[in-house]
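What follows is a set of notes on a single structure, which appears directly below.
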Amino acid sequence: MTQAEIKLCSLLLQEHFGEIVEKIGVHLVRTGSQPLRVIAHDTKASLDQVKKALCVLIHHNLVIYHVHKRGVVEYEAQCSRVLRMLRYPRYIYTTKTLYGDTGELIVEELLLNGKMTMSAVVKKVADRLTETMEDGKTMDYAEVSNAFVRLADTHFVQRCPLVPDADSSDPGPPPPAPTLVINEKDMYLVPKLSLIGKGKRRRSSDEDATGEPKAKKPRYTDNKEPPPDDGIYWQVNLDRFHQHFRDQAIVSAVANRMDQTSSEIVRTMLRMSEVTTPSSAPYTQPLSSNEIFRSLPVGYNISKQVLDQYLTLLADDPLEFIGKSGDSGGGMFVINLHKALASLATATLESVIQERFGSRCARIFRLVLQKKHLEQKQVEDFAMIPAKEAKDMLYKMLSENFILLQEIPKTPDHAPSRTFYLYTVNVLSAARMLLHRCYKSIANLIERRQFETKENKRLLEKSQRVEAIMASMQATGAEEVQLQEIEEMITAPERQQLETLKRNVNKLDASEIQVDETIFLLESYIESTMKRQ
């Protein structure tokens, strides 16, 4: 766990959950698994605060617990899961593009609340959608339920593990912590609910004078039955989203290298194997040419002969995204996911070198990558770059750890005159180094955004107050002159300052998302490589 990752975890936890949860979470990230009393002692927080913070972290899958062999329950932070919070906007946006506004709000609610029952999600989303509709229109629960079922069928949401039913025949004392289990067959099984009703609008009387909503009423009281799916909680399946992002990156890479038809064939192959192939598999399931032809989109009018030519072309490509695994059914083809990720990671490294050091350095990097090992004289000759410039560029990349120097001595004494010095590229170590820099960049972007917001806090609060007054007056049917007077409470320089702030914050947000895309590619490549070793 590097300092950059710990700092980023700290910023994300503070932004999402506040100071107390951040203190407990970062302590666990730094120290590893610890029991409750030790956490309370080390963080100088009260036992009650630690318990509540751990509840929040466990509920959002950011902390796991296990029983130590001495019978003590220990808590351990999931650092990789904390860093996934960076990707929340991308998960939500992806669901919006695939399943519309209803799917977007379902995933948003599950990410904000960690775990929820299906009935609670459906009611909350229906209410939120009804709020945005015109007067007189409402969102039906059945429509939201259908969107939820579609998300479960495509594995974007999954059930949470449950506490198994207590065995009455076992008279022994209960374990210190429950063991959560789930049957794989039930993971995406949606309970049969007959949710009848429509979304409700929030009445203005539900809020007091300060604009804060009143305390929530309990969902059901003793005289009402609990919902039929009580105890069956759902969460977002992040691995399935990552699989989708990886597939999109592969399709985009094929489109850039070849053409749109090739990318559509690869997209069809990935879509056919997305539920059958595990997210960590190095290859997809073998698919026959005939199966691929039948599964092509309806509007794609290409003949079987043209499809076979495209598949042969993709299989013969030096990048080896697609491989041929047999000849039955017109030819069996697989997508080599590991090679695809390796190519994407290498392209990312090349792009970074080109942006930082220029096109000549990128040429040298590609050359060393292709030839595996080269001496300095060979680099100069092959790259056709003058000796002085080539030496300068090689040392620049060497100092930044993009390329490595390997010594091969002719004699045991390692005398420089009798030693070969070969330049080489270790893509895995370069990817790790770049990933570390990406974490640092994201932390800097978040800190800058927080600083910008803090500097203009008074102006933002004033703007929000004015907007709230305007909204309430519009609702009561105020005249245009009155609304204009309220608008003029914010002066022209202040309005300009707000515009600048908005523009800067939007730039920083966009930069965060772009850096996270690079992080995703590098992490996927490193994970795939480690599983193969």
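Glycine is treated like the rest: Cβ placed from N, Cα and C.
Bear in mind that TrEMBL entries carry predicted annotations, made automatically and left uncurated.
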(request) Look up region 'Disordered' in TrEMBL and report which of 120-140, 162-182, 309-329, 435-455 it refers to. (result) 162-182
(request) Take the domain 'RNA polymerase III subunit RPC82-related helix-turn-helix' (7-67) and average the pLDDT across it for me. (result) 88
(message) Looking only at the domain 'DNA-directed RNA polymerase III subunit RPC3 winged-helix' (349-425), how are its residues distributed among DSSP helix, strand and coil?
(response) 46 helix, 13 strand, 18 coil
(request) Tally the residues of the domain 'RNA polymerase III subunit RPC82-related helix-turn-helix' (7-67) by DSSP class, grouping H, G and I as helix, E and B as strand, and everything else as coil. (result) 45 helix, 7 strand, 9 coil
